[in-house]
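Features reported for this protein in TrEMBL:
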TRANSMEM  12-32  transmembrane segment
TRANSMEM  77-102  transmembrane segment
TRANSMEM  108-131  transmembrane segment
TRANSMEM  143-176  transmembrane segment
């Protein structure tokens, strides 16, 4: 029975995350860190970032993948189910409500203005998330070079992010082994 209560608590916490995450996977990071790392201490900041990075590399919605990975880490398969259902439930409920009243909502000026404000808030959350990821991930000059080169490749040369990720991974492995070789006293 106690385990059932914990699974319900996981569902409710991830419901809250899903309710206040507007804008996709990146926007969820500050809320996930606040709830899972600071408030409940179910995960560390590193585990959240690792789960988020892994969630980006597998097919599916990043928010759901991240929730499933964090849920399975905390409470196994039922934790993953509860976290995944929790994070998508608010969206489903809101979409059903909006679809019922869509024509009426569309004509209300306050609703249109609210969505404009939400876009600004999402942008602020995205900037904060990117800043935190860069601060945690870029540890030396090679990190700065890879970040800059990746940014240039994707935004200026319009190279597919998949190729950039694969290329950065190969270069990172090479740099890692080069550093290991340089630090080897033998």
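Cβ coordinates are placed from backbone N, Cα and C, and glycine is handled just like the others.
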**Complete:** Long-range CB partners for the transmembrane segment (108-131) (under 8 A, at least six residues beyond its ends), listed in sequence order, are 22-23, 26-27, 29-30
**Request:** Six or more residues out from either end of the transmembrane segment (12-32), which same-chain residues have a Cβ under 8 Å from its Cβ atoms?
**Result:** 40, 48-49, 52, 55-56, 61-63, 66-67, 70-71, 82-91, 118, 121-122, 125-126, 128-130, 132-133
